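Chemist: My questions will all concern the structure given below.
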């Protein structure tokens, strides 16, 4: 028995997963891809089943001071869905497990499930199972999503090739700034419980934080236009993290341009007001539930007019690393540095 | 907005699940069965996929004072597997999510995953995904299992018919008594930390509690002998609860006999020493991870010599309810009463 003591905080999430799962082997030929992509891939003969799972802990993933339970439920479904979409798949079923302390009433749990219900109705997803148990503190949610994808249309993080275009959907940084605003108002509220939070000017940011949507229409577009991304990843963990994953797994370099990053006007203004860099918010903020993907240059005509798809750079040789070309034409190496 | 306040403890787990999921509809024709059986059933064309999920909270599902992390991991896999087996399926893939407080070191998490690894190797199961996050208190595990079953061999809780035989596997009540012994020794230890726990005499009970196994060989037997149970359920929630589920879902009555209950000699002796009824331990103890199933009487010759299958009664008309015929020939109604 080893008596060494390694603190988890010194390790980081990805290194932890790598360390604890290194000995595991796959026994079944149906297990096509295991750990290491947005979802696991299981062969059913006719198509692939995609499986992904998220665990959300109160006080870590969400704060009930400003996040209504309905939104927690809705966002939990969308977050899990984003992983299925990032494989170019469609979500069909979910299971939801909850652990709840006796602080919660039936009415509170019902509110949570109203959010889950809303997301299930909106995205046509079936809740097919789950578990309920008590917790010693707070609320913990675990959602597993089961999707499917036509075999030939599966998109992995692996597959990007030099000269491919690098694209992102939607706009970046807003969810992170929404969180900063909510945290600021929470602190003011803690000092003065009679204050009215000033949230109206930040509606876009707060909506991106509290009620994100899944990019199902992009997957539909790929299908209609017969586009097959060479690689794809969900960037709810941040754009920089997504770029580094594709860099590592595809074995390519990536160069992106600061002036191509899709940043909403309100995101710019708010970042400035809070003395933050909107570029860093876009790179590392996370929780945007957007897609990062690469496509061959020949596919450009099919996507360049789409209002929610933005070409931000191109794929290079792996020796060039992951680079940001700034507005002042400097080349900066992008790393996993968070905040 | 309703202002009523219903405490969850007044509701019970099954009523809670019923209440929060009553509005949910199934949208996909592939969702064959949702909530309400041991696992969800999804149609892939060639066969059915089975999906089930369990959430285990430290201090609720396990106590790390006497349950080594390796056993927590092993038992978590077996527990989820039991739900797949109860559908007459085989488990192929699992995902494991953990939330952990900073009290745990990497070495502790590795020990947990060693248990998961041992179970995966023993039962040929592939760990294909998961999530890790921090928790504000203790360890929470969420396991989702994905199995498969030939369509014609699917067993539900529904399907038992009058005159069918009622069978259980293994022996009952031991895991519950193992827990009582561990709790007793824990209390002694709290008073005198120098004491050596006296566990040797209770090896069978403690093994049943800490390291249960899954009844995969019964599913193989069904396959070899071409037996299709008319209904089946995992009884880790207790035999009584399993009988009542089949009663409700199949719309039948069930009569079982006290003198047919498979109770190990050590279970008898320990129950007696602790002033507990071994019959009640067998009925309500739970955590035995055994199977309860019904078969037509014509199948009796195929199972009656099997050392781990016990015929404990028969299916009746629903009007007769769920009954235990005691050793003194009294007929007692079985209800959901726990401990």
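Heads up, the Cβ atoms here are built off N, Cα and C, so glycines get one too.
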Chemist: Record says A:38, A:83 bind Mg(2+) 3. Source is TrEMBL. Which of A:192, A:223, A:234, A:288 does it list for that same site?
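Modeler: TrEMBL lists A:38, A:83 binding Mg(2+) 3, and from A:192, A:223, A:234, A:288 it also lists A:234.
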Chemist: Please work out the helix, strand and coil residue numbers for the domain 'PurM-like N-terminal' (A:36-149) from the DSSP assignment.
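Modeler: Output for the domain 'PurM-like N-terminal' (A:36-149) reads 35 helix, 49 strand, 30 coil.
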Chemist: Using only C-alpha positions, which one of A:52, A:113, A:130, A:131, A:236 is spatially nearest residue A:83 (Mg(2+) 3 binding site)? These are the binding-site residues in the record.
Modeler: A:52
Chemist: What subset of the binding-site residues A:53, A:130, A:234 has a Cβ positioned less than 8 Å from a Cβ of chain B?
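Modeler: Contact set vs B: A:53, A:130.
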Chemist: What does DSSP assign residue A:234 (Mg(2+) 3 binding site), in three states?
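Modeler: Strand, per DSSP.
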Chemist: Around residue A:113 (ATP binding site), how many other C-beta atoms are within 10 angstroms of its C-beta?
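Modeler: The Cβ of residue A:113 (ATP binding site) has 24 Cβ neighbours within 10 Å.
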Chemist: Can you name every residue in this chain, apart from A:38, A:83, A:234, with its Cβ inside 8 Å of the center of the Cβ atoms of the recorded Mg(2+) 3 site?
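Modeler: Output for this site, in sequence order: A:37, A:39, A:52, A:82, A:84, A:85, A:86, A:87, A:233, A:236.
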Chemist: Which of the binding-site residues A:52, A:53, A:131, A:287 has its Cα nearest to the Cα of residue A:236 (ATP binding site)?
Modeler: A:287
